[in-house]
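Asker: Quick paste of what TrEMBL says about this protein:
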- 1-19: signal peptide (SIGNAL)
- 56-409: domain 'Peptidase A1' (DOMAIN)
- 75: active site (ACT_SITE)
- 289: active site (ACT_SITE)
- 322-367: disulfide bond (DISULFID)
């Protein structure tokens, strides 16, 4: 590329970026963009790595004037912030950073109803919160939570003024944490980004509090999962980042927002060209869940989906990365004509499965999908799919808190 062409491309890019800012696609002053670290945890069967669990997490800062930094998963499938408490001395808690209550000048001990704990009280209200395969038990504190570090000498500006990346929030200080998954993964806690109705009280909702108290122009956050480990994933608060988009956002309304989930109505699911009968009546749902590393499907259809998405590898090599081997598409048909289409590079297990044929004493290498069976739940029902990492890696997603909708655009 010539220097002239490079300069032309640069100025053209700046012009497009400026136009996008004017149109509101990229916030002129976003609250914060936080890079996300990625952790791989191997899944081993028969002394062989068959797949990896993954987690994406970034830093937040709790307390003032001396902030305490924690790594958290930004989870659209839950609605509370928890970090380990210094009072927790279990092996699981000790593996992580812990919050020291006596080092914060802004922490207020509270009961479940938000009222300050009475002086000399020896009993505290507690809560149990489930996070996928894990669970935490903890007490409550009202605290200042920020998305970027502030110098210890800096006074906290009143919420809604200069401290645009800080908000007051009810936080759960975990006194107990299950070994699974918290011993396995490096992140300290979870920051829930589900809709406010998913929280025990709206004051537990981080983005709800930030939107209300900080006067955000764009009550939206954007989530980007990178396909390459050389490019960091990130989450942006205060708007979405159009620089991460390869196609315009297509917006889909949240279905039953009163349930608190970022869930969408599914008009149909097409697997390898076959429409699943389960969703023929248009009453299936799909939940955009940044805290899930797999695609989830109702247990009733996972066997059929596995069968349709499996494919034999010709010439039967010893090994292959199945993510590079072609396969059929998986299409989620949403409202307003929006389709989320997942390819083999996204849904496949990396390692193939070798099937033995006892009659011929031979074997065949099969590439398979990696699906998470979802059981029938009281709230979500028997027809819930989960759009986890495979979908969110292919599509940049923007979550519009005010309009209660999700935008999808190719990353």
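Glycine is no exception: its Cβ is also placed from the backbone N, Cα and C atoms.
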Asker: What same-chain residues, at least 6 away in sequence, bring their CB to under 8 Å of the CB of residue 289 (active site)?
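Answerer: Listed in sequence order: 75, 76, 77, 262, 296, 386, 387, 388.
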Asker: Summarise the model's confidence over the domain 'Peptidase A1' (56-409) as a mean pLDDT value.
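Answerer: Here the mean pLDDT over the domain 'Peptidase A1' (56-409) amounts to 92.
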Asker: So what sits near residue 322 (disulfide bond) in its own chain, CB-to-CB under 8 Å and at least six residues off in sequence?
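Answerer: Non-local contacts for residue 322 (disulfide bond): 313, 344, 348, 349, 350, 351, 352, 367, 368.
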